[in-house]
Amino acid sequence: MANLEESFPRGGTRKIHKPEKAFQQSVEQDNLFDISTEEGSTKRKKSQKGPAKTKKLKIEKRESSKSAREKFEILSVESLCEGMRILGCVKEVNELELVISLPNGLQGFVQVTEICDAYTKKLNEQVTQEQPLKDLLHLPELFSPGMLVRCVVSSLGITDRGKKSVKLSLNPKNVNRVLSAEALKPGMLLTGTVSSLEDHGYLVDIGVDGTRAFLPLLKAQEYIRQKNKGAKLKVGQYLNCIVEKVKGNGGVVSLSVGHSEVSTAIATEQQSWNLNNLLPGLVVKAQVQKVTPFGLTLNFLTFFTGVVDFMHLDPKKAGTYFSNQAVRACILCVHPRTRVVHLSLRPIFLQPGRPLTRLSCQNLGAVLDDVPVQGFFKKAGATFRLKDGVLAYARLSHLSDSKNVFNPEAFKPGNTHKCRIIDYSQMDELALLSLRTSIIEAQYLRYHDIEPGAVVKGTVLTIKSYGMLVKVGEQMRGLVPPMHLADILMKNPEKKYHIGDEVKCRVLLCDPEAKKLMMTLKKTLIESKLPVITCYADAKPGLQTHGFIIRVKDYGCIVKFYNNVQGLVPKHELSTEYIPDPERVFYTGQVVKVVVLNCEPSKERMLLSFKLSSDPEPKKEPAGHSQKKGKAINIGQLVDVKVLEKTKDGLEVAVLPHNIRAFLPTSHLSDHVANGPLLHHWLQAGDILHRVLCLSQSEGRVLLCRKPALVSTVEGGQDPKNFSEIHPGMLLIGFVKSIKDYGVFIQFPSGLSGLAPKAIMSDKFVTSTSDHFVEGQTVAAKVTNVDEEKQRMLLSLRLSDCGLGDLAITSLLLLNQCLEELQGVRSLMSNRDSVLIQTLAEMTPGMFLDLVVQEVLEDGSVVFSGGPVPDLVLKASRYHRAGQEVESGQKKKVVILNVDLLKLEVHVSLHQDLVNRKARKLRKGSEHQAIVQHLEKSFAIASLVETGHLAAFSLTSHLNDTFRFDSEKLQVGQGVSLTLKTTEPGVTGLLLAVEGPAAKRTMRPTQKDSETVDEDEEVDPALTVGTIKKHTLSIGDMVTGTVKSIKPTHVVVTLEDGIIGCIHASHILDDVPEGTSPTTKLKVGKTVTARVIGGRDMKTFKYLPISHPRFVRTIPELSVRPSELEDGHTALNTHSVSPMEKIKQYQAGQTVTCFLKKYNVVKKWLEVEIAPDIRGRIPLLLTSLSFKVLKHPDKKFRVGQALRATVVGPDSSKTLLCLSLTGPHKLEEGEVAMGRVVKVTPNEGLTVSFPFGKIGTVSIFHMSDSYSETPLEDFVPQKVVRCYILSTADNVLTLSLRSSRTNPETKSKVEDPEINSIQDIKEGQLLRGYVGSIQPHGVFFRLGPSVVGLARYSHVSQHSPSKKALYNKHLPEGKLLTARVLRLNHQKNLVELSFLPGDTGKPDVLSASLEGQLTKQEERKTEAEERDQKGEKKNQKRNEKKNQKGQEEVEMPSKEKQQPQKPQAQKRGGRECRESGSEQERVSKKPKKAGLSEEDDSLVDVYYREGKEEAEETNVLPKEKQTKPAEAPRLQLSSGFAWNVGLDSLTPALPPLAESSDSEEDEKPHQATIKKSKKERELEKQKAEKELSRIEEALMDPGRQPESADDFDRLVLSSPNSSILWLQYMAFHLQATEIEKARAVAERALKTISFREEQEKLNVWVALLNLENMYGSQESLTKVFERAVQYNEPLKVFLHLADIYAKSEKFQEAGELYNRMLKRFRQEKAVWIKYGAFLLRRSQAAASHRVLQRALECLPSKEHVDVIAKFAQLEFQLGDAERAKAIFENTLSTYPKRTDVWSVYIDMTIKHGSQKDVRDIFERVIHLSLAPKRMKFFFKRYLDYEKQHGTEKDVQAVKAKALEYVEAKSSVLED
């Protein structure tokens, strides 16, 4: 009874006085209508008491407003209290505690002992046993970031650092303590933890005394499978549960954790919730009670009121909330003291059990300048708007460094501040900021920011025995161990360091996850200038650095660096002198300087030395040096040289500045073998070369080298100067000096040399050393063996031994170097006098040229002329001819692939993918499929499949990687996988890329003949299997054969001797009815007689006549037309006519019969065949005038279907016919045609494209017969439109989309007539149009496509703004208005117009919002005039009183509430103004007087909608009893009023504005209006409700189709788990060819759809697979597939991908996938059956039979019958019916009582067999010895069959047999 009273307080609302009010709040907390009641009572008091009580009422109203504002105060640590229940989100999971994100940017902590009692008990057991328990999970295994949890505040305290700390508990005993056993009801959503595992389920601790909660195993299976990865639930596991059954008055409850039940759980009145036991996380249905600047007030569960602060509004709906709006909300918390219920409208909280998404932390710690304030909240903090539009929040404590200097005035909206992002709140999805100077200037904000080895400053906090604690940031502390307090060990560190001292430290180790920071104060380490080692990869041989000794052993010292990197100094490397006992010389903690000898990062091993090598001595000059001392050149010296002359082998040069002669061999000009001869060719006498290396001097001859690799080696000091420095394992850079049969000799820059034996020259088998290397080639060599006595060394050149680091980086460096050298050659060429050479130097790959075909060579390549200069050789290889028919003199557009700078040839391509390159933004590091287009010796050029961009990639990834077997060599046309390293072509014209694994290469199909298969041609495999036998058939021969397979457009026939023949669909019937499929007339296995009419060439699959010399090696083309089978038929073609000639014979307008081959989704056309060698295309727009057909052409057209088409003409290649199904394609005036939108131009109209390249334009005046505010809103690129052609002048189509034009039969009402000239206008006429522009003398107003009128300012508005610029703001271009024609001047072609309300009958075009822009003087003047005219003395007195106190009032429940929010109303857009204007027109038909602005009514509309107006104050509003705001009637708005006070325009708690008096005076005209009668108000109320209902029904109409991305966003927001909506959204983008957006939608869907909705997610995965298969690369498809397998049941994903491959006719890929499936899922019968069906569809019956045998071997015996029956069924449908019968018969002979098999056998025979066969089976089955129930089933089927197909006699016969069976059974029973 107590609960009942609590939920339903007795009695009505009553007036309360000040003393009672406080009492009521503390005692009768459940009456949540206190705010509304106060307002209502205040209003009644006002009307009853009159002016005498005004002052008292205003005080009460002000306190009420303050109380309302306090309810919206967001949570702070101070407002929390112990026992408060609150919804939280797991932010971090540590070993011993959880960090919980709470609403409004708060944070709390849950100790490991606060999970549940059972878990704590297990922990105690583990501690007692001192051994880990197997069934006890750690916190990271029980909780994951993002989980929503219900918490209770257990304590509020202060940490050691002086910070406020919130301790929370998840223990159900504490969270659900407010529930009693009697209060439990079915459907309640509770949280609990698993307390124990039972035989049939789990006991769950829900924390309710006297209640035992049980979760049946069956109900937990779905959760275990989806959430627990199949593992059983463990003690302590947190669950969201639904109460399913309640027994024994709550003593026992049965729970469910199913996803569907939990995610849709709603708290209802039937569950008897009250304020004491409302739990956070409950989802409730609510109704908006009030819309305020601080948030929303909601009614829910009938009697409760809650608040939604600005942080928890739905971001996508903010600004659209209105009173009485129905919403769903989630309870965040109920404050135990104030009893305020905090709610959230964020969609992610409205699905219980769904985890929150983790926010990106990439900007965490960023310092931001000039961040504008969005709003300020007194007791909470301030909101800010970041540059990317994201909302951010700073708590009050973070707005200044101290409370003393805090100034609230600095946080007015618009003020800017410098701040830093310190955290992200997952619960609020916003960034948390700090304005504290100490935090902004802090060197580090979090542990993640600190790198090992960094020098940091800190403050000493304390000194303990374990070390010194140092504060290095606001929330970070580090430890300095005792060993690191100084360079030497300190006994009394407290004497040197004191608490508060600032110290400089160097970071030794930082572990952000464990929040562990170790530092050192050793001076030598801190001040060291040597490089630091933070990982083993940093340790390069020869590197000198500082470290510290951590252990001294007898075998040496272990030295440690940073980040736990350490190495060993062996005993012999401790000193140059022998040290017998290291422990006496060295000590732990000693700082030492070491040099790295060797490092193996993979094994984390490092060898160090204390013996530091001194600088090498300078090289002595050779004894016989002939140069003077002052002019000596040292070996290894870098010099500049001048070319003197060229020789055969190199360049004679002079070393500058002393002109010492030297020789530079050709092979030493570059590291790239191919570039040496190129540089040698273009260098000439006088050229200067820089940075040339002196290699050797002998007999006065200086040998030079210009190889960059060798130059870098010498500069870096990595070249050993003498043999003593050589040791095994060293990696050196040198060049091939000579090549022998037994190996190659390698020389190094210093003159040292070694032998690389044949055995270790390469990882590949070496047959000939000269195949692998050439003299002078740059190589990397690893020393394997050293003979110090003979000073010889053995080297390895194997790639596995000579790794130079990351292969991708090396590959890119080699490519960069090669291209830079080529660019240098171009520079040399540009200095030549020849115009040809200069032109070649300027040409780069990717450039486009318009050329003329000069000659087609025998090899199929094409030579072009017409280049930029004469004599320029431009060639396209046969491959780059792209199968095009070219003739001399033809003009072609080509793209340059490469310029051969040695042969002076330009390689070009005709490939359309390259010529029509797509402009798409590329990402660095992205992977792409590419096709090799050109090969050079060092690099290859490939084109990206998606865009056609040209990219270069190196053919080698190592200096030694020069040998390739033939099978490894790339070929032109081959597919490769590339990773882009640049996104812009640069000076080379090429993108730079690195090739992926060789396994991703794909081979191109070989085409040995110049006649190539059409790019869209798909060859029947039946015509390509095996070798085509030579035959002796000739024209006119009659042959007999058996139908082998049937395809949509042809039938394959097997003739005698295994010869394969083909019958085209056009040669089956003489008269083909439209819509039929002729090939279906023939059945597989049927014997046919045909006549030979031609043949198909096996190489090109092109049709050949009999007379062709290659006819004997062709597939005979046959005909079974009755007319051609007649004797004496001689009309056969015996001479050769090419398809191009045949196509010329077709005339435009001619009607032909064609056969649909397929619908090309990508290119949007139907591919058809007219004859075996004549193909055609029908653009989608020419298939129908019906939008339904164009939207789903696959439903209208079937493959193989015969179509009647009209010839349009040959296409551009002259090899195909263009056809139309809509009659002759003539774009002439008066015609109606279908087009596709290609561009939408704001305020102008559309650009529409038609088939075959025609373009037209549609003006905004021709979009519809009725103009609209947003005429272009429904149009997006790629949308299909029905157009009427107005004119075709100047080859530009002028179009109209008006229904009266495109569908005149509908007799569409023309609201806005067409205005094409001034002749169409009459004086006095009312016309609508669009604002054109604002000019000094008036407003130009567009009345038609070419007609513009002028409205002078005196005829624009009754208002006269002081600034004319305000017209631009309030009359934007394109705004729809109504105007009256005042005067026409036909001579000057001038139309004068008026917008005034008196002329148009419409509201003033300058809305109330403009009034706010006028100066205060103008407002006062206008108001004074109104007061004089109307003489409202009473109103004047009232306004004077209000003006005196206006400054004190913040918000009033009646009219006074408008005052502080007036500026907000002024800021609203034109849309609200227009709505209010149209509203006034409906409600009050009297025209306004000039002095009355629309702002008054606008404000009335707004604030009445917010429940803050009195009905008696305006004639617009009806009079009604004020019960509660939810019952206030709505105005008749044309569309739902949008509350525009969203996150962008929140009014914070600022001092009230000074316009109160003005606001009050604005309302006077309303107070003076005549009151309406009660009947009028009731009628008006009914109209308003009907109008609102109509709008709501329209918005809720499930049949309403989305037409924009915003529509789809709304839909998926309302139904986030509906895959159908997501797929429609993807299809919407695909129709607009927005592939990336479609991908993004799919990825968004996968993130949004709940993981419990497995099927919905799978649907999206399948759609994404389809998308990648159709528009992506094989690599992108594979990646998506691998992800899909990871997140779904693998078998389903495999089967879906196989179907996708099969449907897209990628049969090879499908076959390979099926074989993978057979290995992985051999026990799944579905895989075998699907593979069998696939093979049968491909006419591979024999392979299908083998699959059946394999299936029977792999599958268990119990599955055999089902599999055999299914294969037999497939044989019936797709293969040989006779074989199917045999399989069924064999199966039924073994299993005669398998009635399911009998039933399938009967079904198949009915479909594919004869009536005799069916009756035979029925006769057999009704004589079987089966159960009577089964027999009844078969008798019934037999009877139904005879009724449908038999005679009355047959029916009676079946009945007689049934009766006979019944009698026989009865007699047996009687016996």
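Heads up, residue numbers simply count up from 1 along the chain you see.
Glycine is no exception: its Cβ is also placed from the backbone N, Cα and C atoms.
These come from Swiss-Prot:
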MOD_RES   A2  N-acetylalanine
MOD_RES   S7  phosphoserine
DOMAIN    83-171  domain 'S1 motif 1'
DOMAIN    281-346  domain 'S1 motif 3'
MOD_RES   S438  phosphoserine
DOMAIN    1149-1222  domain 'S1 motif 10'
MOD_RES   S1360  phosphoserine
MOD_RES   S1362  phosphoserine
MOD_RES   S1476  phosphoserine
MOD_RES   S1493  phosphoserine
MOD_RES   S1498  phosphoserine
Please report the distance from the Cα of S1360 (phosphoserine) to the Cα of S438 (phosphoserine), rounded to the nearest angstrom. 53
Secondary structure composition of the domain 'S1 motif 1' (83-171) [DSSP: H/G/I, E/B, coil]: 23 helix, 36 strand, 30 coil
Could you put numbers on the helix, strand and coil content of the domain 'S1 motif 3' (281-346), residue by residue per DSSP? 3 helix, 35 strand, 28 coil
Per DSSP, what is the residue count of the domain 'S1 motif 10' (1149-1222) in each of helix, strand and coil? 12 helix, 36 strand, 26 coil
Through the lens of DSSP with three states only, how would you label S1360 (phosphoserine)? coil
So what's the mean pLDDT when you look at the domain 'S1 motif 3' (281-346)? 91
Counting only residues 6+ apart in the same chain, whose Cβ is under 8 Å from the Cβ of S438 (phosphoserine)? D401, E474
Measure from the Cβ of S1360 (phosphoserine) and count the other Cβ atoms within 10 Å, all protein chains considered. 12
